[in-house]
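Q: Copied straight from TrEMBL:
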| type | residues | note |
| --- | --- | --- |
| BINDING | ASN36, LEU38, GLY63, GLU85, ASP111, ASN141 | S-adenosyl-L-methionine binding site |
| DOMAIN | 43-234 | domain 'Ribosomal RNA adenine methylase transferase N-terminal' |
| REGION | 331-351 | region 'Disordered' |
Amino acid sequence: MAAPGKVAAFRLPPLPTIGEIIKLFRLKAQKQLSQNFLLDLRLTDKIVKQAGELKNAHVCEVGPGPGGITRSILSAGVKELLLIEKDARFIPGLQMLSEAAPGKVRIVHGDILTYKMEKAFPKFLQKDWEDEPPDIHIIGNLPFSVSTPLIIKWLENVSKKDGPFSYGRTQMTLTFQKEVGERLTANPGSSQRSRLSIMAQHLCTVENCFVIPGQAFVPKPEVDVAVVHFTPLVQPKIQQPFELVEKVVRSVFQFRRKYCFRGIETLFPESGRLKRTEQLMMTANVDPTLRPFQLSMSQFRNLCNTYRKMCDEDSSLFVFDYREELRQKKVARNVPGSTSQPGETEEDDQL
């Protein structure tokens, strides 16, 4: 019996181990879905601990699989746990967990990339963006194949304050390949600095919590796994629309081994390209001979702000597509009698 004035901690009843669940339902990780199971409950507890205080919180777990992290989340005393699982093979095992925690678990058989997260939680949990984060958390051991497109989608949701972030600054605790985790948190000058670094860090506080060795998973992946925690910022570091920031950053990193001005050039049509590139670099006060990974967040902010002004002055700029320009050049080069321009082949290959 709990002591007077204290709420008894939630405990799951005796259940088969995760290994036994896998055998019972004949579950096998599918390589084409990049599935890897984490069976060590000490590690799943450690992942859940990185999310912060979950007592009476509302949690969405992405891709629970056989339910290792699910058990650790339930043991943390959550109010409600929403499980979104694409693979129907895992549903019976998750239903067993649901029955062991009556009224706490909701199971959705669906794809997280298309699931409408803005309807996932009660409206009373909603907080103003400037307030502390809502009592909502997203946790997931993501398949490698979906982790990068999913975090880009969620970062866009952060920028637009919709999806899971229509409730406020919802926090996320997710797993990635170690290399992706390093990119998400890389500082200027780091060889891992990338488009992902800028897009994540300009919108969130990003913390690389710890690394799980590959041998802890079944089957063992060829790489180690990083646990990364995200808290959306009250004010983004670059206050421009997501699509504009993404376009500038993607362009800069297209030729990461070259000087940054080479990527900036791809923002502009061939006619007037050099003049406009010089105008953008000078107005933004960015050294054109820096490599993309050397640029600071403030330099990316200056580039985005200046590019926005140029787009406001010429509405055709933002819709310009350098790849489409290259494609049309290729078509023209295949016309009998035409000649290719020097240097195009190498850049075509990079793109």
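Every residue gets a Cβ built from N, Cα and C, even glycine.
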Q: Write out the long-range same-chain contacts of ASP111 (S-adenosyl-L-methionine binding site), meaning residues 6 or more apart in sequence whose Cβ is under 8 Å from its Cβ.
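A: Same-chain residues close to ASP111 (S-adenosyl-L-methionine binding site) (Cβ under 8 Å, separated by 6 or more) are LYS86.
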Q: Other than its own, how many Cβ atoms are within 10 Å of the Cβ belonging to GLU85 (S-adenosyl-L-methionine binding site)?
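A: Looking across every protein chain shown, the total is 23.
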Q: In the structure shown, which of the binding-site residues ASN36, ASN141 has the fewest Cβ neighbours within 10 Å?
A: ASN36
Q: Across the domain 'Ribosomal RNA adenine methylase transferase N-terminal' (43-234), what does the pLDDT come to on average, as a whole number?
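A: When the pLDDT values over the domain 'Ribosomal RNA adenine methylase transferase N-terminal' (43-234) are averaged, the result is 95.
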Q: Looking at Cβ-Cβ distances, which residues of the chain lie under 8 angstroms from GLY63 (S-adenosyl-L-methionine binding site) while being 6 or more apart from it?
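A: Same-chain residues close to GLY63 (S-adenosyl-L-methionine binding site) (Cβ under 8 Å, separated by 6 or more) are ILE84, GLU85, LYS86, ILE112, GLY140, ASN141, LEU142, PRO143, VAL146.
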